[in-house]
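Take a look at the structure below.
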Amino acid sequence: MSKTSNKSSADSKNDAKAEDIVNGENQIATNESQSSDSAAVSERVVEPKTTVQKKFRIESDLLGELQIPSHAYYGVHTLRAVDNFQISRTTINHVPDFIRGMVQVKKAAALANRRLHTLPAQKAEAIVWACDQILIEERCMDQFPIDVFQGGAGTSLNMNTNEVVANLALEFLGHEKGEYHILHPMDDVNMSQSTNDSYPTGFRLGIYAGLQTLIAEIDELQVAFRHKGNEFVDIIKMGRTQLQDAVPMSLGEEFRAFAHNLAEEQTVLREAANRLLEVNLGATAIGTGVNTPAGYRHQVVAALSEVTGLELKSARDLIEATSDTGAYVHAHSAIKRAAMKLSKICNDLRLLSSGPRAGLNEINLPPRQAGSSIMPAKVNPVIPEVVNQVCFKVFGNDLTVTMAAEAGQLQLNVMEPVIGESLFQSLRILGNAAKTLREKCVVGITANADVCRAYVDNSIGIITYLNPFLGHDIGDQIGKEAAETGRPVRELILEKKLMDEKTLEAVLSKENLMHPMFRGRLYLEN
């Protein structure tokens, strides 16, 4: 880039401030990324023409010059964003699926531009190599130091991606970082693109990948519940509605219902993920495809399908697709729904394990830590509790996504970054919560079969099974007397000679209580 000789004092101050910010950000990134990425980088670096080590390089943009750390693969636009958006201190470095999605877009664009002869072969080869360094070798995953909250509809991340890919490509060509007259972040890496089509497409790919991870975690969790259902299949217990005794069931049925609940959510999440495979790549600024060569729209989507292995398709109306964020609302709604089901299951686990002496105590959750600083021997259901809290956070994120989607204006929704922050966070924490619940709770659950059976034997709810023999009114009277006197239903029925003992025992047998079809056969025989 060309240097400005008469830099103002204001620019000098900005340089100093940016330098401080970058030094701090890079120290954080270095500490977090550990040594594996650094080793991979050192092994694959192509020696540049100049080997003299400098602490900084100078890059300039519309606003002037900035000093960029010489080791950094990002450039001046990224540094501006780091300075401007010090909001959450959570950076794109922590969202690898998003980084990969953006880089996949850059690779597909290079392939399409080469096939249409708008990008020279050598540049295309260098860009593709650079993208593969990130996608396959996982290099430079720590070179995205911008905050997840950012203005500009994602321009900062798009610029960041362009710069990292460009500087890696320059390395491939044997040039120094920042020698953009050889290969330019915008003119070459961003060729035939706008932030307004590359960013949402990369976003969709990242969310799609995150959904696959969440679906896999939910699948493992539902399998764990199913195994417990099989383990508890012969344990009879009372079912409850409105926290009152209802009719008997098996503990296995209760746990299999948890599994079926989660399996249903997998289907919903897959459908939501598939909606993300319609992209607006080729739309550029507002959907008209300005500055793209003829045929680019279909070429680039085909190339992106090759790069990702996904069946992507171009949106029917690119202007509509560029401004619409409905697919994100739908995706997060599916995530919220899964969180709602998971939270309800955790509520049930906490209730069923309550006690142990003054609660239901039908199941035992694995003890994970001491529960009180003042009450000895107390153990709390900390795993279901933390999952509940994660689900509440997902519910809040869903409202954020809804409000941000509604806030779009005319041909673009500039609020996509906060939609992305909410979606990626929900995917990450809900997936972690599902894994935690499975590993630290569900697989270790045991049943208190005697407690479960005692509740059934002492229940008034079993009177429901006698309706075909006694009628509802007599059942009411027996149930009321049992509640008032504390006497068992069986005893009152026999005392009043309302049924013979053989029939009563058959109807109230464990077989019939767990499989009520038996009662139907008995009724027909009579």
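Glycine is treated like the rest: Cβ placed from N, Cα and C.
From a predicted model like this one, the values you see are computed outputs, not experimental measurements.
Annotation comment: Swiss-Prot describes 1-44 as region 'Disordered'.
As annotated by Swiss-Prot, compositional bias 'Basic and acidic residues' applies to 10-20.
Look at Swiss-Prot and you will find 24-39 tagged as compositional bias 'Polar residues'.
Per Swiss-Prot, L-aspartate binding site is recorded for T155, S194, T195, N196, T241, S373, K378. The C-beta environment of S194 (L-aspartate binding site), restricted to residues of the same chain at least 6 apart in sequence and closer than 8 Å, consists of A283, T284, A285.
Per Swiss-Prot, region 'SS loop' is recorded for 371-380, and the stated evidence type is similarity to another entry. When pLDDT values are averaged over the region 'SS loop' (371-380), the model yields 86.
All chains included, 10 other C-beta atoms sit within 10 angstroms of the C-beta of S372 (active site, proton acceptor). Taken from Swiss-Prot, the feature active site, proton acceptor applies to S372.
The most densely surrounded of the binding-site residues T155, N196, T241 is N196 (count of other Cβ atoms within 10 A of its Cβ). Within the same chain, residues at least six positions away from K378 (L-aspartate binding site) with a Cβ under 8 Å of its Cβ are A370, G371, S372.
Around T195 (L-aspartate binding site), the C-beta neighbours below 8 angstroms that are at least 6 residues distant in the chain are G152, A153, G154, T155, N158, M159. Using a 10 Å Cβ-Cβ cutoff, S373 (L-aspartate binding site) registers 6 neighbours.
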